[in-house]
Structure formats: structure tokens, C-alpha cells
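S.K.: Here's the feature list from TrEMBL:
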type     : residues : note
DOMAIN   : 12-46    : domain 'SAP'
DOMAIN   : 103-263  : domain 'PINIT'
DOMAIN   : 295-380  : domain 'SP-RING-type'
COMPBIAS : 394-406  : compositional bias 'Basic and acidic residues'
COMPBIAS : 436-449  : compositional bias 'Gly residues'
COMPBIAS : 455-477  : compositional bias 'Acidic residues'
COMPBIAS : 485-497  : compositional bias 'Basic and acidic residues'
Amino acid sequence: MAAELVEAMNMVKSFRVSDLQTLLASMGRSKSGLKQDLVGRALRLVQTEYSPELLKNVRQLYESRFPKASGWLAARRPEGVPVAYSSLSSSPTGTQGADYLSSIPKLSSTPAAEVKLVSLPFYQTLETLLPPTELIAQNSEKLQDSQCVFELTQSQADQVRNSTELRPGMKAIQVVLRICYTDSIGVQEDQYPPNIAVKVNQSYCHVPGYYPSNKPGVEPRRPCRPVNITPWLHLSTATNRVTVTWGNFGKRYSVAVYLVRVFTSAELFSQLKHCSVESAERCRERIQDKLRFDPESEIATTGLRVSLICPLVKMRIGVPCRVLTCAHLQCFDAIFFLQMNEKKPTWTCPVCDKQAPFELLTIDGLASEILKETHEDIEEIEYLTDGSWRPIRDEKERDRERERSNTPDYPVVDICVPEVNGHSPAHSSTSQTGKSGAGSTAGGAGGGVVVDLTLDSEEEEEGGGAGGDSDDTEDSQDSPAPKRGRYDYDKDLVTAY
């Protein structure tokens with residue numbers, strides 16, 4: 001009887017909201033409220049009004065959700081629950097709370113079989129405090145709690161306490177928690193389970209969140225990296241307890257704790273600069289091999305263009321870097337690449353999107369020499385078949401040079417000089433003020449006449465009237481004004497060449 005009651009309660013805990021509402025409605029109970037209210041109401045119903053009819057309804061609902069489950073919940077019974085289990089209603093409330101706190105399952109002391117975590121460039125493992133140990137689901141609930149316990153030696157605690165700070169609140173020596181899939185095949189990368197939460201000594205610690213995605217239709221991705229639990233530890237020989245809350249959705253996970261040294265991007269760049277530099281001679285041999293003539297190929301490659309602009313930041317490359325396993329000769333900036341992977345570890349080549357682990361990065365010696373020899377305006381070069389190179393000038397600059405070379409030289413003509421225009425100063429007698437005498441005198445004395453071509457017909461008529469005789473003025477009043485041509489100035493006034 002007691003065993004069947006425990007099994008029925010475990011089945012009720014695995015029900016969905018619709019199953020809980022169906023069960024409560026069949027027994028004449030209210031089916032409104034949140035899921036946690038419905039679960040509590042259904043558990044009290046099972047405890048207080050246990051009957052064969054209720055047991056049959058619970059079993060039918062469970063088998064409708066899990067059709068492959070045979071019999072009762074024997075396969076899903078928690079390992080720590082005995083068969084002869086007394087009713088929960090007979091236990092005092094305080095005893096139930098104490099039992100719940102003490103019932104958080106501890107991780108099995110047996111490590112996961114041959115689970116190996118991938119080595120990380122920014123973390124150097126000093127000691128293993130807890131080997132990879134599998135997270136065991138204790139019941140059919142989707143949210144599980146697993147606890148692991150470890151202790152620091154006095155030397156380890158002193159090493160963490162006396163380490164330098166990379167930045168405020170972040171020490172160079174840390175204790176980190178790593179989680180991965182439980183798989184003995186190959187090397188496993190860090191992988192968080194769903195709904196993860198980490199509590200260290202009854203205090204929740206920070207777990208990296210999701211990266212926002214700028215692309216439409218792409219879900220945000222969570223960076224799976226080691227969790228720093230150092231600030232919440234007892235830096236002594238006292239016992240440290242870590243509780244991992246995780247979602248049980250069919251996949252198996254393992255957890256491990258390490259004492260590590262953390263590197264910065266500047267320290268990794270120093271290692272790269274001292275340990276992995278490809279000489280210029282070796283780079284030339286690589287270019288010659290790539291451009292060597294192939295008699296079986298119908299297309300002969302005579303050169304390869306390479307940009308001096310980093311594809312990551314769209315700026316001129318400072319330290320050219322490549323991946324040894326990539327087929328292209330295009331480089332990217334090593335400093336920016338390491339800084340970006342320090343914040344968001346992807347370790348993929350920005351040129352071809354292939355894997356670019358730190359161990360395969362190398363600095364291109366030939367590209368370094370080219371960057372020193374070329375001017376900053378040069379953004380592209382071309383490698384030739386003999387291993388040499390030549391700069392590729394910008395198309396706009398080449399167009400400007402072509403225009404300058406093809407433009408003929410014409411003499412500059414000053415239209416203000418009468419002799420150049422082919423006219424005497426007498427023809428240019430009209431000035432801006434309308435005084436022809438003063439204009440001609442100034443033109444004869446200074447050797448040039450300023451002619452205003454924007455004068456309209458009214459201004460010219462006024463100017464002509466002011467300089468003429470009174471008889472001419474009377475005749476002009478009687479006779480109609482002469483018709484003017486298309487332009488407002490005399491045809492022979494100025495001739496521009």
C-alpha cells in the first residue's frame with residue numbers, strides 16, 4: 001500500500017497542467033491555478049483520499065503520456081526511496097523540511113568513465129579537485145539538484161589567496177567548475193545543461209548568460225565556459241559544497257572542479273610571438289607551391305591578391321596571423337583575434353570559418369615585412385609566382401593618374417586683356433558705371449578693360465542715354481527702340497576663345 005502510494009505521487013509530479021486538471025476534475029476538485037498549486041492539490045488528494053479508483057485514474061493519465069512505460073513506476077522510483085515508505089501526512093511539518101534539505105542527492109563518488117575535457121587556451125589546469133563525475137537524475141522531475149563536495153589543501157588555499165588580480169575581483173589563480181556531456185568518445189567541450197544554476201556554500205554564483213543575436217530568426221547562443229566559483233569558496237581546509245540545478249531532458253552531463261591559472265589575451269599574444277612565427281623564406285616557399293604551374297590544369301594562376309585589411313575590424317593589419325591548416329594566404333590581426341576570443345570564445349578563422357585553435361596559429365613573417373615596407377595607403381598586394389610581391393594601387397587613384405596623363409595642356413587666356421581678345425580698347429567702351437569715357441580712358445591707361453556681361457537691356461539703355469547728346473535723345477523718343485538680338489551685349493564686344 002505504501003509503495004503504491006509513493007509510486008502514484010511520483011507519477012503525479014511528472015504530470016503536465018492538462019493532466020493535473022483532468023485528474024482534479026474527475027475527483028470533483030478545483031482545476032484553476034498555477035501548476036505548482038495544481039501539483040500540491042493533486043498530491044494532497046492522493047494522500048488523503050487514496051482509493052483504487054483514484055489509482056486507476058492516475059495510472060491511465062501516466063500511461064497516456066508515457067505509452068512505452070510498462071507497469072507502475074518501478075523503473076522511475078528514486079534510488080534512495082525505500083519500498084515501505086510511510087505516508088507523508090503522518091510526518092510533522094518540521095521533519096518534512098529537514099528531510100527535504102537532507103534529501104538533495106550527492107554526486108556519485110565514481111568518476112564518469114574516461115570523460116576528458118578539452119584544454120582551453122586561456123586556462124591552464126594546475127590541479128584536479130574533482131574529476132568528471134556524472135549528474136544522476138534522482139526522480140522523474142525535469143528540474144534536478146545534484147551536490148558535490150570537495151576540500152582545498154592549505155597550500156591550494158594560500159595559492160588562491162596570494163595570487164595577483166587580473167582586474168578587480170578576478171584573480172589569476174581560480175577554482176572553476178566545468179560541465180560537459182558524459183561521453184567517453186573523444187574530447188568533450190564545455191556544455192551547460194538547460195535551466196542551469198550553481199549554488200556554492202548556499203550562495204548562488206554567476207553563470208554566463210546568452211549572447212544577443214543580431215540576425216533575425218537566430219536564437220541567442222550561450223557561451224559555455226568554466227564557471228568561476230572562487231569568490232564563494234572557503235579559502236581554508238573547510239568543506240565546500242556546490243549544488244548544481246539542471247534540467248533533465250534525456251541527456252547525460254558530467255561536472256568537474258579544477259584549480260587553474262587564467263591568462264589574458266596579452267599573455268597569449270606574447271606566447272604566440274615567441275613560439276609560433278613562420279619565417280619569410282618559408283612563406284615564400286608556400287606561395288611558390290601554391291602558384292606552381294600544373295600541366296593538368298587548364299587555368300594557369302599567375303598571381304594571388306591578398307588584402308592588408310583585417311577582416312575582423314576592417315582596419316590595417318598590425319600583426320598578420322594565419323592558421324596552419326587553412327589553404328588561403330589571407331591574414332588577420334592576431335591581437336584583435338585573441339581579444340575577441342577572450343570575450344566570446346569561438347576559435348574560428350574569420351576568413352574561411354574553419355576551426356582555428358590557438359595551437360595552430362602562426363604569425364606570417366613575409367606579411368610582417370610587407371606591412372613595414374608599404375605605405376598605409378596601400379590596402380592590397382599581389383603575390384607572384386617567384387615568391388615576390390607587388391602593391392596594388394587603388395582603382396580611384398589609378399583613374400586619377402590616367403586622367404592627368406591623358407588631359408592636354410591648353411594655354412590660359414585672360415579675356416580682360418584687349419590685345420589677346422583681338423579688339424581695341426575702343427570696342428570695350430562700356431563700363432559697369434555706364435561712363436564710356438572713363439572706361440575707355442582707364443582701359444587705355446591700364447592695358448585692360450573690365451567688362452560686365454550680365455548687364456541687361458535696361459541698364460545698357462540708361463548707360464547709352466547718359467553719354468549721348470540731347471538731339472539723339474529726342475530722336476530716340478520718337479523712333480522705336482531697335483530690336484536686340486539673343487544676347488544682351490553687342491556681338492563684337494567680347495570674343496572668347
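The backbone N, Cα and C atoms fix where each Cβ goes, glycine too.
What TrEMBL says about a protein is an automatic prediction, not a curated fact.
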S.K.: In the same chain, who gets a Cβ under 8 Å from the domain 'SAP' (12-46) while lying at least 6 residues past its ends?
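M.R.: Tertiary neighbours of the domain 'SAP' (12-46) are 5, 54, 57-58, 61-62, 64-65, 76, 139-141.
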S.K.: Which value does the mean pLDDT take for the domain 'SP-RING-type' (295-380) in this predicted structure?
M.R.: 91
S.K.: Would you list the DSSP helix, strand and coil counts for the residues of the domain 'SP-RING-type' (295-380)?
M.R.: 22 helix, 20 strand, 44 coil
